[in-house]
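Single-structure report; data block below.
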Amino acid sequence: MSKGAFPNHRVVSPAKLNLMLHITGRRPDGYHELQTLFQLLAYGDEMDFQLTAQPQIDLHSQINIPVQDNLIWRAAQMLLPRRKNTHGVRITLHKHLPLGGGVGGGSSNAATTLLMLNTLWACELSTDQLAELGQALGADVPVFVRGHSAWAEGIGEALTPVTLPEQWFLVACPSVSVSTAAIFQHPGLTRNSQITTIRTALAGGGRNDCETTVRALYPEIQRMLDRLAAWGTARLTGTGGCGFVSFADQDAATEAAADMASEYRVFVAQGVNRSPVLTYLETLP
Ligand SMILES: C[C@@](CO)(OP(=O)(O)O)[C@H](O)COP(=O)(O)OP(=O)(O)OC[C@H]1O[C@@H](n2ccc(N)nc2=O)[C@H](O)[C@@H]1O
Ligand SMILES: Nc1ncnc2c1ncn2[C@@H]1O[C@H](COP(=O)(O)OP(=O)(O)O)[C@@H](O)[C@H]1O
């Protein structure tokens, strides 16, 4: 760091898995009523945040989408009117998570940006305010803003923090990306699951209601889930396309990952109850 330069803050923008996902109804505005268990992971994209003397937002992201559409850019723009100092920021995204994989990378990046800039720009917004801003960017943003594994209802915004066993997960990502909107618009999707309880879900009950439709539309995902099933109960996360299996220990997960790695992009990650971004923010003065 050169003299006078601002420090660089590197944080892990975590992924999530939906351990189960039931669709219990559809609202008049087209959004679906869900019940889902969000498991945060100690793995994700890495993001660098460094304040600058110039007031602009300078985003370096390897993903091939127009900057105005990047959820990081959009999150930063939302906080700009609340900035209480004169600094700009240089944000660099090191993308590790697949796009449109159901592991929530874009939503997580948006939430990480809201959390980091709220501190670095001294915006002083409460967690509730940040979660509300985040929800306008996507249904999955609030869970990452609150930064805790959670039971979600409503359209995914009514969150109850939960403590989950910190198991290991093998996540496999097929080379296809699934459009969340397309799955939710599909006529074959089951939308009438019985309301279940948080207790049943925590005990491992439940399934992913999107899975039948996703399997039918994407043979490659069907094949991947069938391959994963060699190690246990294989599930789709979100609207896909990634699937996962849980393990009690890291070695077993790593062994299974090695077996799948020649065919699929895979990663092994531990489930965590608290987001690494919150842990990082606690270290700041
Ligand atoms: C269903 C989940 C479960 O985690 O799927 P994944 O995106 O993770 O796969 C998420 O809540 C998705 O969250 P997110 O990806 O942020 O969704 P949004 O951008 O808000 O919405 C994308 C589209 O999905 C549909 N949608 C989303 C959430 C919801 N409860 N009902 C819906 O019908 C809407 O058609 C919307 O236009
Ligand atoms: N910073 C970002 N990272 C990833 N995707 C982004 C980002 N900004 C915008 N997007 C868009 O959001 C879409 C869904 O993002 P992502 O979070 O990866 O999917 P999912 O919600 O299925 O896990 C991407 O296909 C991409 O077009």
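Heads up, the Cβ atoms here are built off N, Cα and C, so glycines get one too.
Caution: TrEMBL annotation is automatic and unverified by curators.
According to TrEMBL, the features are:
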ACT_SITE  K16  active site
ACT_SITE  D140  active site
BINDING   P98, L99, G100, G101, G102, V103, G104, G105, G106, S107, S108  ATP binding site
DOMAIN    70-147  domain 'GHMP kinase N-terminal'
DOMAIN    194-264  domain 'GHMP kinase C-terminal'
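Positions of TrEMBL features highlighted on the structure.
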{"residue": "K16", "record": "active site", "DSSP class": "strand"}
{"residue": "P98", "record": "ATP binding site", "DSSP class": "coil"}
{"residue": "G104", "record": "ATP binding site", "DSSP class": "coil"}
{"residue": "D140", "record": "active site", "DSSP class": "coil"}
Inter-residue C-alpha distance, P98 (ATP binding site) and D140 (active site) (nearest angstrom): 16
Residues near D140 (active site) in space but at least six apart in sequence (CB under 8 A): K16, G104, S107, S108, G156, G238
Near-site residues: ATP, ref P98, L99, G100, G101, G102, V103, G104, G105, G106, S107, S108, CB cutoff 8 A to centroid: A15, L97, G238
The domain 'GHMP kinase N-terminal' (70-147): DSSP-derived helix, strand, coil residue counts: 43 helix, 7 strand, 28 coil
Close-lying recorded positions around ligand 1 among K16, P98, G102, G106, S108, D140, where CB distance stays under 6 Å: G102, D140
Distance-selected binding-site residues near ligand 2 (C-beta under 6 Å), from G102, G106, S108: G102, G106
Mean predicted confidence [pLDDT] for the domain 'GHMP kinase N-terminal' (70-147): 97
Proximal but sequence-remote residues of the same chain as G102 (ATP binding site) (Cβ under 8 Å, at least 6 apart): N18, V178, L236, T237, G238, T239, G240, G241, C242
Intrachain C-beta neighbours of G100 (ATP binding site), sequence separation six or more, cut-off 8 angstroms: S177, V178, S179, T180, G241
Cβ atoms near G106 (ATP binding site) (within 10 Å, other residues, all chains): 26
Residue among binding-site residues P98, G104 with least C-beta crowding, 10 angstrom cut-off: P98
